[in-house]
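Taken straight from Swiss-Prot:
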- CYS75: active site, proton donor (ACT_SITE)
- CYS219: active site, proton acceptor (ACT_SITE)
- ASN13, GLN46, ASN66, GLY76, ASN77, ASN159, ASN192, GLU210, ARG211, GLY220, SER221: substrate binding site (BINDING)
- PHE270: site 'Important for dimerization' (SITE)
Amino acid sequence: MHFHFSKMHGLGNDFMVVDCITQNVFFSQDLIRRLADRHTGVGFDQLLVVEAPYDPETDFHYRIFNADGSEVEQCGNGARCFARFVRLKGLTNKYSISVSTKKGKMILDVEDDGEVTVNMGVPEFEPNKIPFKAKQKEKTYIMRAGDKTLFCGAVSMGNPHVVTVVDDVDTADVDTLGPLLESHERFPERVNAGFMQVVSRDHIRLRVYERGAGETQACGSGACGAVAVGILQGLLDESVKVSLPGGELHISWQGPGKPLFMTGPATHVFDGQLSC
């Protein structure tokens, strides 16, 4: 099997992006794991696959696979790179691009300055739709992780997120708590774990331990989930700067029932081809 690919990143969250419209490529879980290896493969956090639309009302179908080969529902940083990729490769000349995903639809708007704004849809807080095991919907849940008691928010941005507020992200025990939360029994499909430091009402710092990928330089859907939880808990205003290890995103949300918007960069690194 021979195919072309692009390497891209959104704030250091890096991707291998493959056009599966003009190329016939099949990715097994084992192949994805081998390609994701940073020593013996291409190296990436996620594989992004561009497919022809499943829905006639959309332009493309967007699939995401983590480095462990598991397919996931959403990746916000990947969505921005997806939009740049389909324009760079001449698959569309639109500036507003509609895509379907495993969990729904998104609109990707390419800005004049090269940044991309993504309509991430309406944040979902109903426990059974996240999914999250809870008797009823709450703004804050008490959870045990190892020997720690955590006060967390839970939300789906098309994929599940748990968010806990910390005093300082630099000293947060992400290496220990991240894996414990990722595989916590209350999240039957596992979860992305966000550790949020509130700097001010319009600025947070964030680290994210991603389901199936570990801690990454940036997580777009994680930034969205953290801001949504922060606004719901009364900690943040409607427009928030999110500082991640890899850079900054801007998130805006007018509250429950409204769509949430994320704006940030998408960088093309190089093109390559593989035979495997």
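Here, residue 1 is simply the first one shown, and the rest follow in order.
Every residue gets a Cβ built from N, Cα and C, even glycine.
The record assigns ASN13, GLN46, ASN66, GLY76, ASN77, ASN159, ASN192, GLU210, ARG211, GLY220, SER221 to the substrate binding site, and the maximum Cα to Cα distance across that set is 17 Å. Excluding ASN13, GLN46, ASN66, GLY76, ASN77, ASN159, ASN192, GLU210, ARG211, GLY220, SER221, which define the substrate site, the same chain contributes ASP45, ILE64, VAL72, GLN74, CYS75, GLY78, VAL208, ALA213, THR216, CYS219, GLY222 within 8 Å (Cβ to the Cβ centroid), listed in sequence order. For ASN13 (substrate binding site), the spatially nearest entry among the recorded positions CYS75, CYS219, PHE270 is CYS219, judged by CA separation. Within the same chain, the residues at least 6 positions away from PHE270 (site 'Important for dimerization') whose Cβ sits under 8 Å from its Cβ are SER6, LYS7, listed in sequence order.
Ranking the active-site residues CYS75, CYS219 by how many other Cβ atoms lie within 10 angstroms of each Cβ puts CYS75 at the bottom. Reported as a whole number, the C-alpha separation between SER221 (substrate binding site) and the residue listed as 'active site, proton donor' equals 6 Å.
Highest Cβ count within 10 Å among the binding-site residues ASN13, ASN66, ASN77, ASN192: ASN77.
Rounded to a whole number, the distance between the Cα atoms of CYS219 (active site, proton acceptor) and ASN77 (substrate binding site) is 6 Å. The residue listed as 'active site, proton donor' has CYS219 as its nearest neighbour among the recorded positions ASN66, ARG211, CYS219, going by CA to CA distance.
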